[in-house]
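**Student:** Can you keep this structure in mind? I'll have questions shortly.
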Amino acid sequence: MAVPPSTYPRRLLPFFLGLFQAALLLFFALFVTYDEPSAQEKDTSLVANQVYSTFPFFQDIQVMLVVGLGLLLTFLPRYGFSSLTHNFLLLNFSMQWALVLQGLLHHFHHGQIHLDLHKLLISEFAAVTVLISVGAILGRASPCQLLVMATCEIPIYLASEWVIVTCLGVLDVGGTITIHIFSCYFGLGVSKALFRATQQPLHPKETPTSSSDLMSLVGTLILWVFWPSFVAVLCQPGDAQHRAILNTLLAMSASAITTVVASSLLQRDGKLSPGHLQNGSLAGGVAIGVVADMAMPPVAALALGSLSAVMCILGFRFLTPLLGRKLTLHDQCGIHNLHGLPGILGATASIV
């Protein structure tokens, strides 16, 4: 019996994923193995300490990406289930794809790739870029289009990270430049390529409701709580990691309060905008990442958090409509305001 034409696009998703997973199984069977356990008790205890010190941060980041970011994207009332499932799917797909590429480029020795928790963490950081970029085209692209986007973005991200960190020697422990700025403008570029013809009017299904805003705000709170782990996990244990946690907490606390002030002043009725609170309170975490482990006074972290929140709110209020009118640039989640502008601010602060 012939399959109706309308079902063919839906068959592409399981075909693409099945082919990818089968190829990955073959690759892992041939080339991937675990590190051999050390025969010396001293080395074994050292490895155990490294795992126990990293895994709590890793779990925090998992909660951020799977639950926090997934719920943050549910502000579209008719797209909540798709937002959660697509976010979960893209995280797993991008992480595995990044694991393969990073293993071939950096960890392929004597015909084998030795897998450990740190390599898995680095691959998850690469997957974050895809999850952020998708925010620009949320609800306007099919799952297959999102997977093709992830397939293209991961190798480009790895190349840009190598240039920024290895060639230019930029210190960016929290991924402000390598993750947030890159993913923002990559996502905006994809949005411009897909929807460059004309400015599309706001669809009624794109208007948030009180229940969808509430779910999105829960995601914001989860991200806010666990964000210091995201920034500090790659820092050197000890003073640098301690400073990163403290600076991130101060910056995000300042951005949360500043968001309430700026949003209330910009709204005509003086009420707090849910969209502003969902994004502005996280802006401090984006901006502080590049300087979080540096020796700077606490007031600098507070100032950076406040400035990033102001830039984020002003971006939502003035810059996003302007870019929509002048450049017909569609940014569904406002990733330019949350990741682009605060990221540029943080990069400028690192230069200073």
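In case you wondered, yes, glycine gets a Cβ from its N, Cα and C as well.
Okay, so TrEMBL annotates it like this:
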DOMAIN    25-351  domain 'Ammonium transporter AmtB-like'
TRANSMEM  12-34  transmembrane segment
TRANSMEM  54-76  transmembrane segment
TRANSMEM  88-108  transmembrane segment
TRANSMEM  120-141  transmembrane segment
TRANSMEM  162-188  transmembrane segment
TRANSMEM  214-234  transmembrane segment
TRANSMEM  246-266  transmembrane segment
TRANSMEM  299-319  transmembrane segment
**Student:** By a Cβ-Cβ criterion of under 8 Å, what residues six or more beyond either terminus of the transmembrane segment (12-34) are in contact with it?
**Tutor:** 93, 96-97, 100, 103, 108, 111-116, 143-144, 147
**Student:** Are there residues at least 6 beyond the ends of the transmembrane segment (54-76) whose Cβ is under 8 Å from a Cβ of it, and what are they?
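**Tutor:** Those are 83-84, 87-88, 91, 117-118, 120-121, 124, 127-128, 131, 135, 138-139, 205-206, 208, 212-213, 215-216, 218-220, 222-223, 226-227, 229-230, 232-233, 274-275, 278, 332-333, in sequence order.
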**Student:** Give residue numbers and ranges for long-range contacts of the transmembrane segment (299-319): same chain, 6 or more residues beyond its ends, CB-CB under 8 A.
**Tutor:** 246-248, 250-259, 262-263, 266, 273, 275-276, 279-281, 283-284, 286-288, 291, 334, 336-338, 341-342, 345-346, 349
